[in-house]
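Visitor: My questions all concern the structure below.
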Amino acid sequence: MENIKEVRVRYAPSPTGMQHIGGVRTALFNYLFARSKGGKFILRLEDTDRTRYDEKYVKNLYDTLAWLGIDWDEGGDKGGEYGPYVQSERFELYKKYANELIEKGEAYYCFCDAERLERIRKIQTENKMAPGYDRNCRHLTEEEVKEKLASGVPHVIRLKVPMEGETKFHDHILGDIVWKNEDISPDPILLKSDGFPTYHLANIVDDHLMQISHVMRAQEWIPSTPLHVQMYKAFGWEHPEFCHLPMVNGSDGKKLSKRHGSTSLNEFRARGYLPQAIINYVALLGCSYEEGKEFYTLKELAEKFSLEHLNKAPAVFDYKKLEFYNANYIRQLSTEDLYKWTLPFITGTGDATLEINPENPQPKPNVGPQFSGVALGEDGEPYCVDKSMNMTSADVKETLMGLMPLIQERLKFLTEAAEMVHFMFTEPAVPPADQIIPKRIDAAKTKEVLEAAKEFVAAVFETDHEGAENFAKAKAEELGIKLGDFMMPIRMAVTGSRVSPPLIGSIHVLGKERSLKRIERTIATL
Ligand code: GLU
């Protein structure tokens, strides 16, 4: 039957940590689902855990979604018809609903203190019993409850989970799920003694009041779902449809973690990924679109997304594949945009300052003025650190813009731009001889190469790219060496580094005179 309910989905993170790939996948899929169905995407802050709460995580959430280009219709800082969308602003509501369950006989007051609970826990561990509350207060008489309440004994409110029978629900990805009620946590707390709700209560009340049609979240929430279904039943509410997304694992089949590489979005940013690449790749984690098609924009994804295309099997996070997407999207940027995206890494500002996890096995990228020779002034304009270069900010910008098309083909990460532009902003020290002399030829031959390099530089300026290339090929043949062995010493002389843009273009940007000077200098040291 055609589903006629309006699609209303939510991303409901707890601001207790930085946004990571798993959270982004959940946010993205909910967003895409809403957009594909002309529905609403809601952003709800589940900030009931006040001990782990930190304002910086809220900021990071907004910042990450904005960077990715994922926007929402209701919630967060936007408001909406069903607000507030921040759970800490809704505490009175949860109290009201917890009391409603008490009145309905679906929940009860529990007066057990921490000491007693600890005692039970100990006995359970000693006897290898399943942990959980022993339901002691479920059996108190009305009189006993009244008396304890009147004398102000601290209490919580617990749900009366049925002790027999089964809970059944359907999941869009996993199919029908049947769960024995005895396996549901025995009578979990809904309202804590300080009047704060637990995740379960706040989550269910809000999904109901905000008219959420589909709960789409990671598969690790499956064990909570039977309890949630029981809570909806206790309230007498219809539950939303469920859709538990497949796990995201590392290459070893274990849940993706810091051991595998970057996981937090800040770190992907610090490592020079583009949002387009992240969006495209993450959209394919557990979902397939068209056979054989690899590239999708956010807009295309929003048109094509469908619950039917979600996979059951865990997705494997492949950093190499993401790298492929990144290089690809970098190649698609306009020169202006490439400049805009690489400048923070060249100057060591903005995204380049985001924290990188020290446990990450991938090396830290070489970014900032010490690698590029370019820093950012207080006026927001780049300047050359080496004053003897006599470059104005306008010169620096022009040079960088000239380099952009050259480095574009070589970049897998935006971070790599820093080292690649360095040769233009300093007179590099002449590299040691063993770095200039190729393995297959000797010093004398290398000197011959560098002598010929002067003609090569002339060819670069007198002919076109092809002409310069042909000149190099002919010269290499004449000298009886491979083309690579002809180019390498020249590259080292001109740029002082192996990480540089293509040689002919580099010579062009550097200029004839400066190129020749660097070649002469190098010959003198051999
Ligand atoms: N606040 C929960 C989280 O941190 C939400 C889980 C859910 O979507 O129900 O992921």
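Each Cβ is built from the backbone N, Cα and C atoms, and glycine gets one as well.
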Visitor: Among 13-23, 46-56, find the range that TrEMBL records as motif ''HIGH' region'.
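Guide: Among 13-23, 46-56, the range TrEMBL annotates as motif ''HIGH' region' is 13-23.
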Visitor: Of 135-139, 165-169, 255-259, which span is tagged motif ''KMSKS' region' by TrEMBL?
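Guide: Per TrEMBL, the stretch marked motif ''KMSKS' region' is 255-259.
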Visitor: My understanding is the cutoff is Cβ-Cβ under 8 Å with a sequence separation of 6 or more in the same chain; which residues meet that for H139 (Zn(2+) binding site)?
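Guide: Result: none.
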Visitor: To see if you understand the setup: which same-chain residues, six or more apart in sequence, place their Cβ under 8 Å from that of C137 (Zn(2+) binding site)?
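Guide: Sequence-distant Cβ neighbours: Y108, Y109, C110, F111, C112, R158.
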Visitor: Take the motif ''KMSKS' region' (255-259) and find every residue of the same chain, 6 or more past its ends, with a Cβ under 8 Å from one of its Cβ atoms.
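Guide: Contacts of the motif ''KMSKS' region' (255-259) (Cβ under 8 Å, skipping residues fewer than 6 from its ends): 21-22, 247-249, 317, 357, 359-361.
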Visitor: At a 10 A cut-off on CB-CB distances, which of the binding-site residues C110, C112 has the highest count?
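Guide: Neighbour-count leader: C110.
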Visitor: So, in DSSP terms, is C137 (Zn(2+) binding site) helix, strand, or coil?
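Guide: Note: C137 (Zn(2+) binding site) is helical by DSSP.
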Visitor: Which are the residues of the chain, C110, C112, C137, H139 excluded, whose CB is within 8 A of where the CB atoms of the Zn(2+) site average out, their centroid?
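Guide: Everything else in range on the chain: Y108, Y109, F111, Y133, R135, N136, R138, L140, R158.
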Visitor: By DSSP, what is the split of the domain 'Aminoacyl-tRNA synthetase class I anticodon-binding' (395-523) into helix, strand and coil residues?
Guide: 97 helix, 0 strand, 32 coil
Visitor: Name the residues of the same chain, 6+ apart in sequence, whose Cβ is under 8 Å from the Cβ of K258 (ATP binding site)?
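Guide: Non-local contacts for K258 (ATP binding site): N357, E359, N360.
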